[in-house]
Each structure stands twice: as C-alpha cells, then as structure tokens.
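As annotated by Swiss-Prot, DNA-binding region applies to 24-92. The compositional bias 'Basic and acidic residues' annotation in Swiss-Prot covers 69-89. Sequence annotations record features per position, and here Swiss-Prot assigns region 'Disordered' to 1-27, 69-101.
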Amino acid sequence: MPKAAAPAKRATRTKRAKKDPNAPKRGLSAYMFFANEQRENVREENPGISFGQVGKLLGERWKALNEKQRAPYEAKAAADKKRYEDEKQAYNADQEEEESS
C-alpha cells in the first residue's frame, strides 16, 4: 500500500514595505502613453469589447507602428522618465534630511 503524501506546506507571503503615498510616481513607458491616447478610439471602434480584448488590440496596434510613428511616444516617455528621476532625487534628499533630524 502506498504511503500517504506529506501534507503540503503553505507558502508564506513576504510582507512588502508600505508605499509612501508622497513618493513620486514612476515614469510611464512609451507604450503606456500610446495606450492611454488610443484606448477610447479602440472602445469606440469595437463597442462591447472586453478589457482584455482592448489590451490585445492596443498591443497589436503598438507592434504595427514604425519608428517614426513611435517617436512622439518615445519622446514623452523620455521626458516623463526625466521628471521621475528629478522628483525622486528631491524626494530622497527630503527623506535623508528627515532621518538625520
């Protein structure tokens, strides 16, 4: 007669540190700028479409763009990345200042 399998151990979740609500928001990617701009167009062209299908269509449209068509979104993403880095640097300086006080 086969032995009973040992009871499976439950995986314990590691606790994440709470996010500071005052921390700067991460910069958006070029795709996210594109998706935010095109989402309503996709919904209007395909009424009744599910959330997942909207994402698939947006992904297909993004992949179909050439470098020239992606350039404005890449520029927005670069500017947003710079904004995030500047805000994060200022935020970290404030945090260090508070810790030393």
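Each residue, glycine too, has its Cβ placed from N, Cα and C.
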Model confidence over the DNA-binding region (24-92) (mean pLDDT, whole number): 97
Structural state census, the compositional bias 'Basic and acidic residues' (69-89) (DSSP three-state): 21 helix, 0 strand, 0 coil
Structural state census, the DNA-binding region (24-92) (DSSP three-state): 56 helix, 0 strand, 13 coil
